[in-house]
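*Asks:* Questions regarding the structure given below will be posed in turn.
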């Protein structure tokens, strides 16, 4: 009787959430037979998460930041941001997705309907990022197909229409610059001149979306197979490049710069360094896109998501460092080659202008000769238009499609290295596209927004087709300018805001006690003190500081963009002409930053108004279902031998 009373009392205490708890028990018991897709194995899941997190930014953004911030000195703020911002947020997303087993909209809506806009914002950002991200893959495909030519088409300037000389624009710049800006992009002088669609880019974009669709046609069933190649092949190519790069002249100089911190350590006092380190960690882990939440939702509930977060986060950062080694080695080689060619050209001009005997001016004493001659004959030196002999820092498309293509030209069997390089870039980008598309499709399917009579394959195809049509803006002459705008404004402030609401939603609305008990139910142990401190203070504070700092920096600087303009001052071209954004373009920039996160307050306001106008309807906040399930099971197991029948809230449960 005492046992029966204790269970009766517990039942009355848990009655407000009993129905939800019972459903959780039933769902857990029939996990193996339910319709929701499941990963074939743990390796498949981890490879998909790693492929989503490790993207193009690991190859061209991280080395760029190391280059401009003193090499090894940048690793200090980078690692601090990884430990206190990246890993806690990654752990939170994997845990909440695995616990509630829904996409981004379903997860936050189930915690509280007021938070449904957080999931909508994640879906909007995933869609917008996917538009320009797949355009980069289209550029990669274009270069890949042209890498089979001998010689490589960006290795020499083409002849003019009269076949009497080389094209002036190419001669004034470089062959690699000309091939990128004129042959590939056919870029306009500024963003106000739209230009026409470039048919070769339209075809490349169509092929890129077709490949994404084929790999994603059956959801994680086909994606899980594709990641065995797309997530592992880049590491093979990076290793091949590493072995080859270390044998190139000047490679050691590049590696010394990477691993030797700035001895003055003054760079660490620059707040911009910490801002870039935090944002690099945040964006490279693909947080707040909704893709990681969706991937985790296909896991069984009994899975160690803490270990998964540590593995994915550490592999992502290790990949950035590993990729930097061959890249800095090749940059060192490129710097050495460029410097030698530049010095040789300038020495020849000085020798001819001042009738100096050959070999009197060498690379070793060039600076001394130039200083002496510039002091005595400054006008004649200025008239020579000597080249500035250094390697400027570049990132993004400039690193991939200009610097690396120039470096490949200098390597034996250049076609082989070009093909390998662009296959690697395509594999990296394709894995990330899987996560972006998953962040769009999974929430729609989970909330049954797609009619049941519409096949999943058809709806996926419709999303890919719509994305292709919208992305045609990036294939116009001004497409590169618009892509940079999307990259800068969609992939910055919105993600920071979404992540801040994610972590505060779990802490404030769901509750850390509930969340900890959910994790204990899934992993067998509660999260440690470190995770609690990060979730409840350090991580949201860092996000808030980064967000405020980013906004403050942007407000103080007039938005500008670099252009490729052959009509620019002859002595400065091919340097980029920096122009301010027109007012109408700046308005679009603001919209791209604000519109994706507008659903957050709108959805909350909608439910608040509905609650005030319909007081009979209450907004339910979910109880800690995992802890309820656990407690019920413990009590039922203790009394199972007594075969007790419990009457609970006018319903009965037969044990």
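Every residue, even glycine, has its Cβ placed from backbone N, Cα and C.
Those TrEMBL annotations? Automatic predictions, nothing curated.
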*Asks:* Identify the transmembrane segment range according to TrEMBL, selecting from 68-92, 168-192.
*Replies:* 68-92
*Asks:* Can you say which of 197-216, 357-376 is given as transmembrane segment in TrEMBL?
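*Replies:* When 197-216, 357-376 are checked in TrEMBL, transmembrane segment belongs to 197-216.
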*Asks:* Can you check which of 416-437, 614-635 TrEMBL lists as transmembrane segment?
*Replies:* 416-437
*Asks:* Establish whether the number of Cβ pairs under 8 Å between the transmembrane segment (68-92) and the transmembrane segment (458-483) reaches at least three, counting only pairs separated by 6 or more residues.
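*Replies:* No, the transmembrane segment (68-92) and the transmembrane segment (458-483) are not in contact.
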*Asks:* Which sequence positions outside the transmembrane segment (272-298), separated from its termini by at least 6 residues, show Cβ-Cβ distances below 8 Å to it?
*Replies:* 36-39, 45, 48-49, 52-55, 57-58, 61-62, 65, 69, 74, 77-78, 80-82, 85-86, 89-90, 93-98, 100-104, 107, 119, 122-123, 125-126, 129, 220, 305, 308, 312-313, 316-317, 320, 432, 434-436, 438-440, 442-443, 446, 491-492, 495-496, 498-499, 502, 542-543, 546, 549-550, 553
*Asks:* List the residues in the vicinity of the Na(+) site, defined as same-chain residues other than 51, 53, 54, 58, 284, 316, 428, 432 with C-beta within 8 angstroms of the site's C-beta centre.
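*Replies:* Leaving out the recorded residues gives 50, 52, 55, 57, 286, 319, 431.
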*Asks:* Would you say the transmembrane segment (45-62) and the transmembrane segment (584-609) are touching, if the rule is that at least three C-beta pairs must lie under 8 angstroms and be 6 or more residues apart?
*Replies:* no
*Asks:* Sort out the residues at least 6 away from either end of the transmembrane segment (197-216), same chain, that have Cβ-Cβ distances under 8 Å to it, and list them.
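*Replies:* Here the qualifying positions are 134-135, 137-139, 141-142, 184-186, 222-223, 226, 430, 433-434, 437-438, 460-461, 464-465, 467-468, 471-472, 474-477, 479.
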*Asks:* Using a 10 Å radius around its CB, how many other CB atoms surround residue 58 (Na(+) binding site)?
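*Replies:* The answer is 25 other Cβ atoms.
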*Asks:* Look over the recorded stretches 45-62, 113-145, 458-483, 533-553 and say which has the most C-beta pairs under 8 A to the transmembrane segment (416-437).
*Replies:* 113-145
*Asks:* Which one, 45-62, 310-331, 458-483, 489-512, 533-553, has the most C-beta pairs under 8 Å toward the transmembrane segment (113-145)?
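*Replies:* So the stretch in question is 489-512.
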